[in-house]
Structures are given as C-alpha cells and as structure tokens.
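J.: I'd like to ask you about the structure that follows.
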C-alpha cells in the first residue's frame, strides 16, 4: 500500500495511507457542499450542535495516525479508530445534506412501493399487529434491528485486528459510496417512511415495542412537509424509505464478515434482521431489495478506487 508521511519538524512522522487520504478528500467535498448550501440556500445548519461529534471524529483521526506510528505493534487499533472516525464524518456530512433538502412534500414512489408490498402479500400494519400479538417477539426484533451499528463496529475492529486492511478499506468505501447513492436516488425519487401515512394504534405499537411508531412518523411527516428552520444534530432522522440504508448495513455486515468467525453469527442475525427492518423500520419490501442493490453497485467504484490506491 502506498503510504504518505505527514511529518512535522521536530516530531515523528505519522502515516495515513493513500486510500484513507482519498476517503478524506471525499469527506472534504461533502463538507464543501454543505458549507456552500448553508451559505447560499434558505436552509441553515446549526454547526454548533454538531461540534461534539465532528470534533470527536477529527480528534480520533489525529489520535489514530499518532497511535499507528508511535505503537506499530498495535497499529490495528489506530486503523480501527481511523475507519470508525472517517465513516462517521461522512455519515454526518451526508445526514446534514439530506436534511438540507427538506421540505419534500410530494413523495413520488409511495404507490409503487405499496403495490410491490401487496404483490408479495405484505402489509406493514398487519405485520406490526401480528408481532404485537406474539409475546416478546417485538422486543426481540427491536434489539436485532438496533444491533446494526454494533455489528459494523465489531467487524471493523476484527478486520483491523486481523490485519485485513484492504478488506476494511473496501468496506469503508462501499459503505460511504452506498450513502452517496442513497442520497442521489432519494433526490431523484423522494420518499419517506410509511409510518407517516399508515398510523399504528398506540396500544399495538407499545405491544410490538415499535421503533418507528406513529409519533416518529409524525415528526418525519412534519419535516417532509415543512422542512427544518435549522438543521441540528438532534433533528437528524432516518427519513428515507427507498432504498433502505439499514439494509445496506445488513448486507455489509454479512458480505465483509466472510472468512472471519463473525460470519455465521452475523448471517443468522441478519436473516432475522429482514423482518426486523420491515416491522421496526416501517420499510417496504422494495426498500430492502434496493438496499442490497445499492451496496452491490457501490462495490464497483470502491474496487476501482482501491485498485489505484494499493
């Protein structure tokens, strides 16, 4: 792998590899777009609310570079920290960009997405009601649904520990470019969660321990119709239905866990993740298919970029 030394006078050099620096360049492009939209558009960004997250990620990048150079015998720790921080930074930037595009009061895919659900014989309110009538099933699926980020963190640490840096970079790029593709597709075909227009009774939602309930749907609907006066950290929501980024993470975990001890546990968990995403994420079947396809497509430019970096 090509390494670039970022040496400073009087200090030991720390190293970031070409693939990592290229990813940082992508992040800087996203930052520049956000700053430009913030300066020229009506939607403003409350940068202060993102201060802790952004400064933490930037600090972790610096620490990772130092740790890798100062403690070469434990360089994998620096690699894991760097991957987490870079992925987080791009996620924050694209999350801001998503919400800057609100309001989007006229979803264009709703009827088509519902039609595909009906073709498969699937109906979200019916599924939620069924889960609500099975004791503890809703809570179990809730924990599975909320495990996606934990799975990704575990996999990053394991791949770094195993020294599979190219595989880890491929995972980082695939995740990042998947987010970009989700944004592009949402711009072309704006859509929001079906929790915004298919209300679930409060008692049913409580019995199912539902994550994306009608109260959450009301927040998404207001955001889609009226936008946000200021985009702030606590206002960031998972508004996109198609394609499902949650399904992207599901596919990422299984795909990049191959050849590790996490593969079979992740495969089992993420098979269960499919109904968990449908129920707790209020997603359509097409959303899940779209998520897998987005990840598969994102792997192509990721492989091309990494081929030039290694």
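From the backbone N, Cα and C atoms, a Cβ is placed for every residue, glycine too.
Grabbed the feature section from TrEMBL, which reads as follows:
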type	residues	note
TRANSMEM	21-39	transmembrane segment
TRANSMEM	45-66	transmembrane segment
TRANSMEM	73-98	transmembrane segment
DOMAIN	112-299	domain 'Inositolphosphotransferase Aur1/Ipt1'
TRANSMEM	143-163	transmembrane segment
TRANSMEM	170-189	transmembrane segment
TRANSMEM	236-255	transmembrane segment
TRANSMEM	262-282	transmembrane segment
TRANSMEM	288-306	transmembrane segment
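For each listed feature, how buried is it and what is near it?
T.: Using a Cβ-Cβ cut-off under 8 Å and counting only residues 6 or more beyond its ends in the same chain, the transmembrane segment (21-39) has close neighbours at 4, 45, 61, 86, 89-90, 93-94, 96-97, 100, 169, 172-173, 176, 305, 309.
With a cut-off of 8 Å between Cβ atoms, the residues of this chain six or more beyond the transmembrane segment (45-66) that come close are 6, 14-16, 24, 34, 38, 78-79, 81-82, 84-86, 88-89, 92, 96, 100, 230-234.
In this model, the domain 'Inositolphosphotransferase Aur1/Ipt1' (112-299) carries an average pLDDT of 94.
Same-chain residues lying 6+ beyond the ends of the transmembrane segment (236-255) with a Cβ under 8 Å from its Cβ atoms: 95-96, 98-99, 102, 109, 113, 145, 148-149, 151-152, 155, 171, 174-175, 178-179, 181-182, 185-186, 189, 191-194, 212, 216, 219-220, 223-224, 263, 266-267, 270, 273-274, 277, 281-284, 286-296.
Residues 122, 124, 127-128, 131, 138, 141-142, 144-145, 147-148, 151, 154-155, 158, 193-195, 198, 208, 210-212, 217, 238, 241, 244, 246-247, 250-251, 253-254, 288 of the same chain sit 6 or more residues outside the transmembrane segment (262-282) yet have a Cβ under 8 Å from a Cβ within it.
Outside the transmembrane segment (288-306) by six or more residues, the chain places 19, 22, 166, 169-170, 173-175, 177-178, 180-182, 185, 242-248, 250-252, 255, 274, 277-278 with a CB less than 8 A from a CB of the stretch.
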J.: Can you work out which residues elsewhere in the same chain, 6+ from the ends of the transmembrane segment (170-189), have a Cβ less than 8 Å from its Cβ atoms?
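T.: The answer is 19, 23, 26, 83, 86-87, 90-91, 94, 97-98, 101, 108-109, 152, 155-156, 159, 240, 242-243, 245, 248-249, 252, 256, 290, 294-295, 297-299, 301-303, 305-306.
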